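Just below is one structure, and these are the notes that go with it.
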Amino acid sequence: MTDVMSTRRRIAEELQVSATFDAAEEIERRVVFLADRLVDTGLTTLVLGISGGVDSTTAGRLCQLAAERARAAGHPAVFVAMRLPYGVQADEHHAQTALEFIRPDRLLTVDVKPAADAALDALVAGGLTFRDAAQQDFVLGNIKARQRMIAQYAVAGAAGGLVVGTDHAAEAVTGFFTKHGDGAADLVPLTGLTKRRVRALAAALGAPAELVGKAPTADLESLAPGKLDEDALGLAYEHIDDYLEGREVPAEVEAALVERYRSTEHKRQLPVAP
Ligand SMILES: Nc1ncnc2c1ncn2[C@@H]1O[C@H](COP(=O)(O)OP(=O)(O)OC[C@H]2O[C@@H]([n+]3cccc(C(=O)O)c3)[C@H](O)[C@@H]2O)[C@@H](O)[C@H]1O
Ligand SMILES: Nc1ncnc2c1ncn2[C@@H]1O[C@H](COP(=O)(O)OP(=O)(O)OP(=O)(O)O)[C@@H](O)[C@H]1O
Ligand SMILES: [Mg+2]
């Protein structure tokens, strides 16, 4: 096997991408996983932010099905979906469509703007300076993601809950998440899925087509609302998925992915220790 092929195999294996895929089987396996974690930990609540994107739509429905499964087995389980907009969200209608599809047991809405803006203001008052407005906006974007993490952990702490994350193989390979922001969670039920496989789960769960096919956005930058992940990354999810599923991709895509995987290793590991 060439070095390039063995590197690709190793990365796909480390990210738990399976060689074969059946959407119905994956849904069942992941619902059972979530329900078992509730029962085994003795905790009663799953907590997850619903953005209107396909990842949280899929994970949210899995959470609701798992809570219902645990209840049917006699465990007092609840799924708490959270809307966590930063002020007014441009695609709020997608978030509402997602909630109608998920039908969560409970919904909690927390605007993260006051807390995120206050954190930035306090940092600036404390003497932090930025290279330019774009850098400040980028840093604020990561504060927004971490503020969402704080809100979800507050609910988990109060309710005896577990925070659910939406990380999957196509995001993990590029490290395209905020460390200790959306990257922080107790359970990650989408692990190992490529983006097209997340979409396949969403479709098999019966999610509306506009969400199944929705273009991914982190939507963290106020200066570039709804900026597409693919523009930010300079990579197409089709290529990322092909790479992870062992299909041919252009050499420059392969090189870019290997480099991103290497440079973001710290995001997939526990803090570095001596
Ligand atoms: N080698 C190393 N070993 C240990 N730690 C290292 C490190 N290099 C940086 N670090 C630490 O990591 C930090 C950088 O990581 P981080 O704070 O995450 O910041 P960073 O990776 O710069 O930014 C997060 C990226 O993820 C994207 N994102 C975020 C949230 C959601 C989504 C989405 O798809 O929805 C996407 C966002 O648009 C942005 O491009 C550094 O400030 C430093 O503290
Ligand atoms: N406005 C928001 N309200 C609630 N949760 C959010 C919001 N923005 C992000 N999140 C949380 O952060 C996670 C990471 O965002 P990310 O953009 O990767 O996923 P997504 O929006 O569900 O799907 P996609 O990647 O296709 O846009 C979301 O799955 C969701 O749990
Ligand atoms: Mg999104």
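Glycine is no exception: its Cβ is also placed from the backbone N, Cα and C atoms.
Noted in TrEMBL for the protein shown:
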BINDING   G49, I50, S51, G52, G53, V54, D55, S56, T166, K195, T217  ATP binding site
BINDING   D55, E171  Mg(2+) binding site
BINDING   R146, K179, D186, H266, K267  deamido-NAD(+) binding site
DOMAIN    27-271  domain 'NAD/GMP synthase'
Counting Cβ atoms within 10 Å of each candidate's own Cβ, which of the binding-site residues D55, E171 comes out highest?
E171
Please check the binding-site residues G49, R146, D186, T217 against ligand 1 and give me the ones with CB under 6 A, sequence order.
none
Hey, what's the Cβ neighbour count for K267 (deamido-NAD(+) binding site) at 10 Å?
16
Just checking: which of the binding-site residues S51, G53, R146, T217, H266 have a C-beta under 6 Å from ligand 2?
S51, G53, T217
How many whole Å apart are the CA atoms of S51 (ATP binding site) and R146 (deamido-NAD(+) binding site)?
15
Could you say whether, by DSSP, G49 (ATP binding site) belongs to a helix, a strand or a coil region?
strand
Coarse DSSP state, helix versus strand versus coil, of D186 (deamido-NAD(+) binding site):
coil
Could you say which of the binding-site residues R146, K179, H266 has its Cβ with the most other Cβ atoms inside 10 Å?
R146
Of the binding-site residues listed as R146, E171, K179, H266, K267, the one whose CA lies nearest the CA of D55 (ATP binding site):
E171
